[in-house]
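**Q** Summarising the annotation, TrEMBL assigns region 'Disordered' to 1-42. Annotated compositional bias 'Polar residues' per TrEMBL: 17-34, in sequence order. Feature annotation from TrEMBL assigns domain 'Protein kinase' to 188-461. If you look up TrEMBL, you'll see Ile194, Gly195, Lys196, Gly197, Glu198, Phe199, Gly200, Ser201, Val202, Lys217, Lys218 marked as ATP binding site. According to TrEMBL, the active site, proton acceptor annotation covers Asp310. The Mg(2+) binding site annotation in TrEMBL covers Asn315, Asp355.
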Amino acid sequence: MSGSTSFQEDFRDVDNEGNNSSGCLDMSFETSGENFPLSPQPIRRKDTFRTEFLRLPAPKKLTFSPPYKRVRALRLFDSPLTPKTIIEKSSVPTTPLPRSRLFGDRPVAVPSAYAERIKPTANVNPFTPDAQLLSKKRSRSLRSLESPNLKITRVDLNDSDVSDYDIEQPTKRVALQESNIPRYHREFLEIELIGKGEFGSVFKCVNRLDGCVYAIKKSTKPVAGSVSEKTALNEVYAHAVLGKHQHVVRYYSAWAEDNHMIIQNEFCNGGSLADKIANEPLSAMELRRMLLHVAEGLNYIHSEELVHLDIKPGNIFISIEKKINTRTADATDDGFEDLDETQLYDEVVTYKIGDLGHVTSINNPQVEEGDCRYLPNEILHEDYTHLHKADVFAMGLTALECAGAGPLPKNGPKWHAIREGQIPPLSQKLTKDLLELIKSMIHPNPTQRPKASQILQHGALNPDCSKSKADLTRELSAEKLRNEMLVKQLKLAAMCMKSIQNTRIIGKQVNRSVSTTSF
Ligand SMILES: Nc1ncnc2c1ncn2[C@@H]1O[C@H](COP(=O)(O)OP(=O)(O)OP(=O)(O)O)[C@@H](O)[C@H]1O
Ligand SMILES: [Mg+2]
């Protein structure tokens, strides 16, 4: 911040201990010692307040005795602090503070620890939009450094948004070893082991406090201080950024315990898609639903300029929710007991993308190849120009596996035949349009594969999209006619009910009058 206007704005937030109540200290106000009445010597340090801060008019000449009246005017009598201690408490390092877009445009968010010259104690999530923008700028700057146009280079590196601090600092600033917390048994009740992968074991647990069920993933080996630490943190970074979508497994928290990485996620009660298709393939309708949901999730991930890079049935999870079937419930006004579970509830199945261990940024890819059965050729050849299409390829193969093409080859001629666009034999017949869509998803040329957003619009997944306007208009007028007839029937039924009720009332009145007369 610079300039007195913004300084005064911040003044409102400063309490009588000299602390900024917003949690931020502004570092940029430089003072001229001549204006400071309490100091015998002109103060020229960067870390002192302006005279305006104490709201004292600038004296005409330097005075060595404290202006007690003015000090009293500061209303410090209920505080043990003197203006000097305020100044001392508020003093800041003489070196300029980091300017980072991650903390906003102003040189703010000064953790008090930093002010005390302790190293920063929070990681920088490389997948947040701000960090991605930074890495984009950084790579642009580095590119321009390599270019002969030095003039542009200088402009880029002096860009106020990209400081030396930003460029030099690694994203990982907190060592897992230093942040071990014994939370697992204290906060969670372990129910059962629900899955095991290359990275870790996943347990179904109940949180002792909120009583809800979670999936807790623990790394098999201690990762803190090992080469796997970066990979473990990668999954946490990705989850933290991508945890807000219906078709991505929700993330709650992560911590290190006994040097193992632990991630608390949403529990998907339907298990993995791999488990579901282990015995029988998906029906055509279920296959469409799965493709729609996974495409929604991928579209979201790609819109955040990230890619998953390990899409496969083992990393797609199923959530099954029971919702009251309002149609059945309405039709039977008093007879819930007469209905069995299947009539009373609808099961809502949602497919969610999980296991974000391989997620990377499209702009600054750090590719760690996923399962080779779902890997497209271009990734094997380290061509990362169409990374989001690698996810589409893996999704196409996942669909084929769900249609009965599994188990998929890990290598050999069959592996290559698929990468040449050949569809392996399926155990069920798919409609032509659905097969065409899946075929386009595994096209050898990534540019020919549809984007996730295009898959969502495809007629094979939305039967209504393939209908012509005339067809839709015809269907609409037929529905309107049906609706009108139903309204008429409803009115007639209501009239009948009313007349029956009236007859009953009259009958009761007659009975009552009879009994009165007899009495
Ligand atoms: N949120 C969840 N809800 C239910 N089950 C889950 C959940 N997360 C994981 N699982 C189960 O645990 C298994 C392993 O999980 P996950 O894929 O996250 O681990 P991994 O070690 O990263 O696996 P990989 O070998 O693919 O790297 C899954 O296949 C699934 O059966
Ligand atoms: Mg997995």
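Each Cβ is built from the backbone N, Cα and C atoms, and glycine gets one as well.
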**Q** When DSSP states are folded down to helix, strand and coil, where does Glu198 (ATP binding site) land?
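**A** Coil, per DSSP.
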**Q** Which residues of the same chain, at least 6 positions away in sequence, have a Cβ lying under 8 Å from the Cβ of Val202 (ATP binding site)?
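**A** Listed in sequence order: Leu193, Ile194, Gly195, Lys196, Ala215, Ile216, Lys217, Lys218.
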**Q** Sorry to bug you, but what's the C-alpha spacing from Asn315 (Mg(2+) binding site) to Glu198 (ATP binding site), rounded to the closest Å?
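**A** Pair distance, Cα basis, whole Å: 12 Å.
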**Q** Which whole-number mean pLDDT does the model give the domain 'Protein kinase' (188-461)?
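**A** That stretch averages a pLDDT of 93.
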**Q** Counting other Cβ atoms within 10 Å of each residue's Cβ, which of the binding-site residues Ile194, Glu198, Gly200, Asn315, Asp355 comes out lowest?
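**A** Fewest other Cβ atoms within 10 Å, among the binding-site residues Ile194, Glu198, Gly200, Asn315, Asp355, is found for Glu198.
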**Q** Give me the sequence-ordered set of same-chain residues, not including Ile194, Gly195, Lys196, Gly197, Glu198, Phe199, Gly200, Ser201, Val202, Lys217, Lys218, with a C-beta within 8 angstroms of the centroid of the ATP site's C-beta atoms.
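**A** Counting only non-site residues, the set is Thr220.
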**Q** Ligand 2 is in the model; which of the recorded positions Lys196, Val202, Asp310, Asn315, Asp355 have a C-beta less than 6 angstroms from one of its atoms?
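**A** Result: Asn315, Asp355.
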**Q** Name the secondary structure element type, per DSSP in three states, that contains Lys218 (ATP binding site).
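**A** Its secondary structure by DSSP: strand.
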**Q** Neighbour count first, Cβ atoms within 10 Å, every protein chain included; then name which of Lys196, Lys218 tops the list of binding-site residues.
**A** Lys218
